[in-house]
Amino acid sequence: MKSVRYLIGLFAFIACYYLLPISTRLLWQPDETRYAEISREMLASGDWIVPHLLGLRYFEKPIAGYWINSIGQWLFGANNFGVRAGVIFATLLTAALVTWFTLRLWRDKRLALLATVIYLSLFIVYAIGTYAVLDPFIAFWLVAGMCSFWLAMQAQTWKGKSAGFLLLGITCGMGVMTKGFLALAVPVLSVLPWVATQKRWKDLFIYGWLAVISCVLTVLPWGLTIAQREPDFWHYFFWVEHIQRFALDDAQHRAPFWYYVPVIIAGSLPWLGLLPGALYTGWKNRKHSATVYLLSWTIMPLLFFSVAKGKLPTYILSCFAPLAMLMAHYALLAAKNNPLALRINGWINIAFGVTGIIATFVVSPWGPMNTPVWQTFESYKVFCAWSIFSLWAFFGWYTLTNVEKTWSFAALCPLGLALLVGFSIPDRVMEGKHPQFFVEMTQESLQPSRYILTDSVGVAAGLAWSLQRDDIIMYRQTGELKYGLNYPDAKGRFVSGDEFANWLNQHRQEGIITLVLSVDRDEDINSLAIPPADAIDRQERLVLIQYRPK
C-alpha cells in the first residue's frame, strides 16, 4: 500500500512540475523559438534529412533532436506544450534511467525513488528540462550510455557483454546525431577512471569494438544521406561547431575555467546542503565499484567542459543524474546517522527563499529602484514572485520541523516556481524575449504583410513560428544564419541597411512591408536610418514599422 502511495505522489509531482504549468509559459527567444520553428518547418516540408530555419540550411546541429521535437509538435500541436514535449519526455526518460540504475546498484526501492525525485527537482534539471533546447536529449543518451556500459561490464556471459556494448554504441550514435562528437568524448572520459581503478582493460579491449561498430551503423544511414544531399554539412559541423566553438581562441561563449562552480551550486538547489557530503562520501568510498563509477560520470564531464574554451550551463546537464544518485545515497546515510547536512540544507532553502522575497521587493514598484523591474499595473506578477520565494522558504522551514522524517520535502521548494513563474515574468522582459507577446499585440498588422523583415534571428524564428510562415527576411544582421545565407538559392533573404531604401522601392507595390526592429529601451526610433514609414507601433524593445503600397 505504501508503494502505491509513493507512486501516486510521484505522478502528482511530475504533473505539477512537468505537465500542468508548461503551457502557461511563452517561448523564449532565441533558443526556444529557433527549435520550435526548425521542427515546424520539418513537419511542413516533410524533409526529415536536412534541417532548415526560415527556409535556409541550418547546420549547427545534427538531426535527431529535431526529430523528437517535431514528433512533439505533431502529437500535441504547434503550441507551447507541443514545442517542449520532446525535452520533457527526454527528461522523464532520464529520470526513469536514474530510478532503474539506482535500483540496480543498491537494490533499495526507497533510495531509487528518492534519487528520481532529487533529480527531477534539481533547479538546473528543471530549468533545462522544461526549456526547448537539445541538451535534455544529449543528457538522456549520455545517461543511457552510462547505464549500458555498466550492464556490459557487470555481465557474466559473452552474450551479455556483447549486448551491453552494442547498446552503448547505439546510445553514442544517437548522441552524435543529436549534438555531435561530444557524445563520444564524454563517455570515454567518464569510464576511464573506473576502468583503471577496477583494472577492467581486458573487457574494454575485447568488446569495445562492438560499441564502435554499432555507433557507426547508427549514424551511417543519415550521415551518408545528408552527405549526398549537402556535401559540406560534415565539414561545417565538425570544424565550426566543434573545433571553433570549444577549442579555438575565438570560441563561442568563452568563459573562465571556474565558470561551472556557481552553476553547480545554483543547479544543486534545493539540495545544495547535500552536495559537499555526497561528493566527499563518494570519494571516501571510491573503493566501492558503483560509487567510483557514479563519481567519475559526475566529475570527468565537468572537468572536460571546464577545460573547453566555450561554456554554457546546459553542457553539464548529464552530470546531475549520477550526482542525484550520490545525493540520495548520502541523504539516507545522513538521516540515519547524522542529519546535520539535512538541517543545513533546510536553512539554505530558507535563506534562498527569504533572499528572493527581499530582492523581489527591492526591484518591485514599491522598492527603492528608480526603474523597477515590474510596473505598478503588474502588481499581480510581483505577488506571484513573492509566492514563489515564500513557498521555497516555507518548505525549507518545514523540512526542519522533524528533520529525520520531513527532510525529503525539500523537493517541494521549487513548486511555486514551477506553477507561477509563467505568471511572474515582467512585461519589459516579455516584450524583448517573448516574440509571442509581440505577435499577440500586433497580430492585425502582421498578418496581412507581404514581406516581414527583422534584425534578430530569435525574433525572426518567433514570428515565423507564430505566423506559420518561413519567409521572414533578415535585415542588417545575419547572425547564426550567415552560413545558410551564403547559398545561391538564399538570394533575397537578406537586406542590408544600405540596400533597404532601394529594396523598398522595388517591392513596395507588391503589398504591405513590415519591419520589426529590436531597439534599446531609451532609443529614439525617429533617429533610425530608414525611409519614412506609414505606421509605427512600439512595444518597448520591439518596434513594428510598416510601409504600404503607394
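The count begins at 1 with the first shown residue.
Cβ coordinates are placed from backbone N, Cα and C, and glycine is handled just like the others.
The following features are taken from Swiss-Prot:
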- 7-27: transmembrane segment (TRANSMEM)
- 81-101: transmembrane segment (TRANSMEM)
- 111-133: transmembrane segment (TRANSMEM)
- 137-154: transmembrane segment (TRANSMEM)
- 165-185: transmembrane segment (TRANSMEM)
- 204-224: transmembrane segment (TRANSMEM)
- 255-275: transmembrane segment (TRANSMEM)
- 288-308: transmembrane segment (TRANSMEM)
- 315-335: transmembrane segment (TRANSMEM)
- 346-366: transmembrane segment (TRANSMEM)
- 382-402: transmembrane segment (TRANSMEM)
- 406-426: transmembrane segment (TRANSMEM)
- Task: With a Cβ cut-off under 8 Å, give me the same-chain residues at least six positions beyond the ends of the transmembrane segment (7-27) that come close to it.
- Result: 33, 36, 79-81, 83-84, 88, 91-92, 113, 116-117, 120-121, 126, 129-130, 132, 411, 414-415, 418-423, 425, 430, 434-437, 462, 465
- Other parts of the chain folded back onto the transmembrane segment (111-133), taken as Cβ under 8 Å at six or more residues beyond its ends: 6, 10, 13-14, 17-18, 22, 25, 27-28, 31-32, 35-36, 69, 83-84, 86-88, 90-92, 94-96, 98-100, 102-103, 263, 266-271, 313-314, 317, 320-321, 324-325, 327-329, 331-332, 408, 410-414, 417-418
- Message: Should anything in the same chain at least six residues away from the transmembrane segment (382-402) have a Cβ under 8 Å from its Cβ atoms, list it; otherwise answer none.
- Response: 270, 342-343, 345-357, 360-361, 364-365, 374, 408-410, 412-417, 420-421, 423-424
- Note on the structure: Ranked by Cβ pairs within a distance under 8 Å of the transmembrane segment (255-275), the first of 81-101, 204-224, 288-308, 315-335 is 315-335
- Item | Cβ-Cβ under 8 Å with the transmembrane segment (204-224): same-chain residues at least 6 beyond its ends | 49, 62-63, 152, 161-162, 164-170, 172-174, 176-177, 184, 191, 195, 234
- Are the transmembrane segment (81-101) and the transmembrane segment (288-308) close, by which I mean at least 3 Cβ pairs under 8 Å that are 6+ residues apart in sequence? no
